[in-house]
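Notes for the one structure printed next.
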Amino acid sequence: MGIARMDTNVQNIHREAPNILITGTPGVGKSSLCQRLSEIVGMQWLEVSRIAKEHNCLEEYDPVYQCPILDEDKLMDGLEETMCTGGNIVDYHSCEFFPERWFDAVFVLTTDNTTLYDRLTNRGYTGKKLDDNVQCEIFNVILEEAKRSYKEDIVFELSNTVPQDLEDNIGKICQWLQHWFQRRSG
Ligand SMILES: Nc1ncnc2c1ncn2[C@@H]1O[C@H](COP(=O)(O)OP(=O)(O)OP(=O)(O)O)[C@@H](O)[C@H]1O
């Protein structure tokens with residue numbers, strides 16, 4: 001993705017700073033990127049899985065997918081004010097249930113399938129959980145979900161397989177942020 005194609009949507013100029021969503025299959029590198037990015041640009045990193053756990057936004061455990069089910073309405077209500085203010089980097093492995101108006105850009109991280117398999121195996125994933133996540137990546141499930149849920153011109157795919165990709169992707173997002181602030185100030 002070239003920066004020339006990274007159109008900057010500045011519809012939500014009432015915000016002091018944009019909100020961006022970093023999404024993708026588990027293991028593609030969202031947390032690694034968000035942590036570095038938030039340190040560099042000073043925006044708030046909202047790790048949705050951790051916030052949901054800390055604020056009791058989890059319902060019963062799904063035995064098939066071996067993960068808790070999110071109470072989406074409770075989570076959305078709790079985040080609404082923060083999101084209206086802006087300046088947030090939201091990190092989650094799904095994207096369709098967030099209000100569309102929350103985000104100025106949606107970055108979907110993608111990874112080479114073999115690399116993802118190795119990363120998830122190293123994490124201890126096995127069986128159905130491992131297979132489902134790798135298939136999710138093979139079939140571009142999150143990228144398609146993002147394109148269905150948000151205007152296509154705010155959805156950007158960022159390939160994230162090797163360490164240099166992480167640096168490059170942070171650079172691309174920083175450029176996008178710079179454009180947003182430039183266009184907001186007119
Ligand atoms: N660009 C990269 N090059 C090499 N390794 C990477 C890169 N990005 C992340 N990793 C490694 O991949 C693994 C998974 O990364 P990370 O935990 O950030 O993924 P995640 O998408 O946040 O996963 P989850 O959704 O489960 O929280 C980590 O071991 C991390 O160090």
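Backbone N, Cα and C define each Cβ position, glycine as well.
Just so it is clear, the model here is predicted, and its values are computed rather than measured.
Copied from TrEMBL, the annotated features are:
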type: BINDING; residues: Gly27, Gly29, Lys30, Ser31, Ser32, Arg123; note: ATP binding site
type: REGION; residues: 47-70; note: region 'NMPbind'
type: REGION; residues: 122-132; note: region 'LID'
Using DSSP, tally how many residues of the region 'LID' (122-132) sit in helix, strand and coil.
7 helix, 0 strand, 4 coil
Tell me whether Ser32 (ATP binding site) sits in a helix, a strand or coil according to DSSP.
helix
Integer mean pLDDT for the region 'LID' (122-132):
95
Here are the binding-site residues: Lys30, Arg123. Which has the lowest count of other Cβ atoms within 10 Å?
Arg123
On the DSSP side of things, how many residues of the region 'NMPbind' (47-70) fall into helix, strand and coil, could you say?
7 helix, 10 strand, 7 coil
Listed binding-site residues are Gly27, Gly29, Ser32, Arg123; which sit with C-beta under 6 angstroms of ligand 1?
Gly27, Gly29, Ser32
Taking only same-chain residues 6+ apart in sequence, whose CB is under 8 Å from that of Gly29 (ATP binding site), what do you get?
Leu109, Thr111, Asn160, Leu166
Using a Cβ-Cβ cut-off under 8 angstroms and a sequence gap of six or more, which residues of the chain neighbour Gly27 (ATP binding site)?
Thr111, Leu116, Arg119, Leu120, Arg123, Asn133
According to DSSP, folded down to helix, strand and coil, what is Gly27 (ATP binding site)?
coil
